[in-house]
Amino acid sequence: MGLRPAVLLLCASVSLLGGLTFGYELAVISGALLPLQLNFGLSCLEQELLVGSLLLGALLASLVGGFLIDCYGRRRAILGSNAVLLAGSLILGLASSLPWLLLGRLSVGFAISLSSMACCIYVSELVGPRQRGVLVSLYEVGITVGILFSYGLNYVLAGSPWGWRHMFGWAAAPALLQSLSLFLLPAGAEGTAAPKDLIPLQGRETSKPGLVKPQYSFLDLFRAQDGMWSRTVVGLGLVLFQQLTGQPNVLYYASTIFRSVGFHGGSSAVLASVGLGTVKVAATLVATGLVDRAGRRVLLLFGCALMALSVSGIGLVSFAVSLDSGPSCLATSNASQQVDLPGSSGLLVRSSLPPVLHTNGDQGQLVLSVTERPIHPVITASLGPVLNTASPVPTSPILEHTLLCWSALVCMMVYVSAFSVGFGPVTWLVLSEIYPAEIRGRAFAFCSSFNWAANLFISLSFLDLIGAIGLAWTFLLYGLTAVLGLAFIYLLVPETKGQSLAEIEQQFQTSRFPLNFGHRQRIGIQYHRLDVSSAS
């Protein structure tokens with residue numbers, strides 16, 4: 001027991017460093033894309049392929065990663081993903097042509113997606129119920145810290161001739177440190193040595209030796225046996241509502257709102273984005289501290305309700321403020337991306353430019369549209385939807401206009417914080433708890449693939465949705481979706497706070513319909529307490 005604090009610290013480092021690598025790789029392309037375009041003369045389509053190749057690799061990993069995690073174990077999957085990431089970073093750092101860049105990005109995307117699934121499962125199985133929420137949520141904290149770290153590094157290396165090579169190479173550092181931590185930890189809950197290894201950490205939560213474990217196939221996820229269908233409904237519902245509430249798109253308009261309230265110029269916009277990222281890190285830290293105290297359901301309900309109010313507020317402000325949007329994509333652009341992955345954070349990813357360059361727009365997104373336009377030598381547009389706020393504002397309503405813009409900024413800050421408290425960290429924590437160990441990797445990967453697919457769908461449909469119903473109604477639609485998500489969480493998502501994985505397993509096996517989860521949870525805890533008191 002004397003080694004327990006050290007082991008818990010190693011578990012925390014695995015979760016935090018895994019998230020840091022994930023967040024850094026998501027954000028690094030925002031600072032590297034412009035120098036890559038200048039060095040390789042990338043066209044608009046080539047830039048979109050370069051940005052989207054990471055998403056493609058991540059989607060591939062979500063399709064096959066579950067089988068790798070269940071067959072070879074969680075720790076081996078993480079170590080293997082780190083090896084792929086190191087290879088991808090090396091390819092990117094030494095790349096001399098677009099195909100090598102695409103191969104490197106594809107490899108990195110595969111690695112971070114596989115690692116994100118394996119890390120959450122590995123840590124959730126390795127520690128007891130009292131530490132599980134905090135340690136798994138540290139992965140989300142790592143993502144936000146990694147993105148902030150990429151902001152600073154991109155800003156420092158923006159003027160360096162080969163700065164983009166160093167940007168890609170720095171991702172190897174947290175991956176190497178995580179691998180070192182893994183070598184000092186047990187293999188995990190699977191394998192013959194697992195009960196002996198986990199005794200110091202989980203105590204009575206470990207499986208009894210000699211107990212015959214059930215075998216599950218992938219199709220069992222859709223059957224009623226052992227409550228598997230209920231688990232699948234809960235898992236898919238959480239990942240889909242995480243995306244359908246508009247998280248991949250809301251922050252595409254962040255830089256325009258920043259400019260509207262006075263953040264003019266490249267450096268000011270970068271600092272404003274860092275401020276937004278700092279708010280997100282703070283909210284994630286709050287969620288990490290509360291997840292084992294307040295519970296998973298409470299954070300999900302609170303976060304989703306706050307998201308519904310804040311995104312609806314952005315929509316209402318959009319009715320009052322004249323905002324125009326239009327897709328544009330030039331070969332020379334200040335491109336940035338915002339991608340929300342497992343355990344994803346939804347943080348604005350913003351690139352910093354050398355002082356001599358000027359941009360009319362600061363935000364971009366993954367593949368949205370390609371317009372056939374001639375390449376202009378001056379950077380005048382950005383990837384993705386851009387809000388035109390350059391129209392003159394009459395002198396008389398200037399105060400009202402300023403208040404509305406600040407209201408939109410506050411709503412966006414609240415939205416980011418609400419996501420970081422609820423869907424951001426808790427979704428992947430719940431997914432790592434509700435499935436049996438024998439199929440946990442495949443189930444987690446199955447839900448993760450829907451998360452990536454929904455992210456891509458929301459991103460690709462954003463411009464068409466705005467063209468059909470307008471910007472304000474688009475945000476109000478996201479608010480309505482958040483209300484539906486609130487009802488889903490209240491009715492179907494169980495509370496897993498303070499329960500061992502075995503107790504969560506029993507809860508699903510004995511409940512035929514998820515609507516009974518809240519009542520059954522209270523009864524289960526009551527009997528557990530009576531049993532403990534009588535035993536003492």
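First residue shown is number 1, and so on along the chain.
Positions of Cβ are set from backbone N, Cα and C atoms, glycine also.
The structure displayed is predicted, hence computed values, not measured ones.
Over in Swiss-Prot, the protein carries these features:
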type	residues	note
BINDING	Gln242, Gln243, Trp428	D-glucose binding site
TOPO_DOM	1-15	topological domain 'Cytoplasmic'
TOPO_DOM	37-48	topological domain 'Extracellular'
TOPO_DOM	70-82	topological domain 'Cytoplasmic'
TOPO_DOM	104-107	topological domain 'Extracellular'
TOPO_DOM	129-132	topological domain 'Cytoplasmic'
TOPO_DOM	154-166	topological domain 'Extracellular'
TOPO_DOM	188-232	topological domain 'Cytoplasmic'
TOPO_DOM	254-269	topological domain 'Extracellular'
TOPO_DOM	291-298	topological domain 'Cytoplasmic'
TOPO_DOM	320-402	topological domain 'Extracellular'
TOPO_DOM	424-442	topological domain 'Cytoplasmic'
TOPO_DOM	490-536	topological domain 'Cytoplasmic'
TRANSMEM	16-36	transmembrane segment
TRANSMEM	49-69	transmembrane segment
TRANSMEM	83-103	transmembrane segment
TRANSMEM	108-128	transmembrane segment
TRANSMEM	133-153	transmembrane segment
TRANSMEM	167-187	transmembrane segment
TRANSMEM	233-253	transmembrane segment
TRANSMEM	270-290	transmembrane segment
TRANSMEM	299-319	transmembrane segment
TRANSMEM	403-423	transmembrane segment
TRANSMEM	443-463	transmembrane segment
TRANSMEM	469-489	transmembrane segment
- Message: Which residues of the chain, 6 or more past the ends of the topological domain 'Cytoplasmic' (291-298), have a CB below 8 A from one of its CBs?
- Response: 130-134, 137, 425-426, 429-430, 489-490, 493-498, 518
- How about the transmembrane segment (49-69) and the transmembrane segment (133-153): at least 3 CB pairs under 8 Å, pairs 6 or more apart in sequence, or not? no
- Message: How about the transmembrane segment (16-36) with the transmembrane segment (403-423) - do they touch, taking at least 3 C-beta pairs under 8 Å (6 or more apart in sequence) as contact?
- Response: no
- Message: Could you state, as a whole number of Å, the largest distance between Cα atoms of any two of Gln242, Gln243, Trp428, the listed D-glucose binders?
- Response: 13
- Query: Residues sitting near the transmembrane segment (299-319): Cβ under 8 Å, six or more positions beyond its termini, same chain?
  - Reply: 238, 241, 245-246, 250, 287, 290-291, 404-405, 407-408, 411-412, 414-415, 417-424, 426-427, 471-476, 478-480, 482-483, 485-486, 489-490, 493
- Message: Return the average pLDDT for the topological domain 'Cytoplasmic' (291-298) as a whole number.
- Response: 88
- Message: Could you check whether the transmembrane segment (83-103) packs against the transmembrane segment (167-187) - three or more CB pairs closer than 8 Å, residues at least 6 apart in sequence?
- Response: yes
- Select the range from 108-128, 133-153, 167-187, 403-423, 443-463 that forms the most Cβ-Cβ pairs under 8 Å with the transmembrane segment (233-253). 443-463
- Query: What's the most sparsely packed of the binding-site residues Gln242, Gln243, counting other C-beta atoms within 10 A?
  - Reply: Gln243
- Other same-chain positions with a Cβ less than 8 Å from the topological domain 'Cytoplasmic' (129-132) and lying at least 6 residues past its termini are 8, 11, 123, 205, 292, 429, 433, 497-501
